[in-house]
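Here's the structure, in structure tokens; my notes come after.
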Amino acid sequence: MINKKLLFLVFALAKGVLADEEDEYEEDYNMNPELENPGMFKHVDWRDFRLEFVILACFFLYVFSFITQKKKNQKIASRWYGSLQSSFRQQFAQYGPGPNSSPIIYDSPTEFSSYLTGRLNVKNVYTTLQLFPRQDLLAYSLNQIVEILLGNVMSSVLPVADRFQFDLTLADQNLKAERFVFAIVHKDCMRILREIRYDLSFTRISSSPYLPETHVLMSENNECSQAIFEIPEFMSSINECIENLEYFIVTDQPSVPPATEKDYVTKPRIEASIRIKKITSLSGLSNATGSALFNSLLLVADSCPKFQWRPEVSKKLTSARKLAFEQVVHASAAKAAKKKVKSSGDISKLSESDQKKRMERERQRKMRRRAKKM
């Protein structure tokens, strides 16, 4: 009985304490009107969105820069090609892809091109104006860092820059002219071009009294080099653009290493590139170097059909091309044989029924090929 009374007393005390705490909590809650009806943005401050503001500012800055710098590249291309237009139209019957279209072809925000045809000794000319990606701040910064820290020492391609390139193909009637490889290359581009261009593997590197210390001569034979250097007005035109000249290549061999004999296509042509340095303003943009390089290409194109080498020189050049073709054929055959051995090994791992099915498919494929030939 005493225990029951004691338990009842403890229960009553506990209930009283809890009731007092609830009353106190209700009073505190009612005393704070802000907690009674808190608004959605009552406690939101602009400083809580500082990161978002920074991200939006960077985004709008990027968009603004992309639009303005893209227009700047277009203005540079228009001014550059416009200043060369008179020379192009004077030398060629057609400037641009068609009579009713713009002569400047927009390939990308950083690349513009054009086309020339209709001239003696020249089949066609493709020109390309590659501009630095000014519209992309991130790419621009990364390229600047690479240029400063590494330059083109660790790169397998020419560094991104403002440059103007020519790709001139000689006319078909010049296909029987003497074949050779000749190049004037800037020392900064020599290693890269030697690695990526197949045709320059035919040449030897040497210095020349005709060239400054910044450039080297890459040629198959001294007689070929001397013939080009002695073309009237050629050296005067080259010297006008030599400061910006990256390479001037006369070749008949493919620039990309041929994988098979079908890829080994010879085409007499002249390729050249100049680097446009420090475009600070459109008003100060000059294309004197572009005009000089263009004139140099035409002088060589007109002289190539007239070149005649001594018999021993012609024999040496012909032997080098025959050997190169045989090496390509041999490498292609070795690759095909290796692939065939691998295929035979794969067949041997199949079951007998699968081997028969595969052999039957091969037999049917050969029969269809014969039927097409007939």
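The backbone N, Cα and C atoms fix where each Cβ goes, glycine too.
In Swiss-Prot this protein carries:
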- 349-363: compositional bias 'Basic and acidic residues' (COMPBIAS)
- 364-374: compositional bias 'Basic residues' (COMPBIAS)
- Asn287: N-linked glycosylation site (CARBOHYD)
- 335-374: region 'Disordered' (REGION)
- 49-68: transmembrane segment (TRANSMEM)
Distant-in-sequence Cβ neighbours of Asn287 (N-linked glycosylation site), under 8 Å, six or more positions away: Trp80, Ser83, Leu84
DSSP-derived helix, strand and coil totals, residue by residue, for the compositional bias 'Basic and acidic residues' (349-363): 12 helix, 0 strand, 3 coil
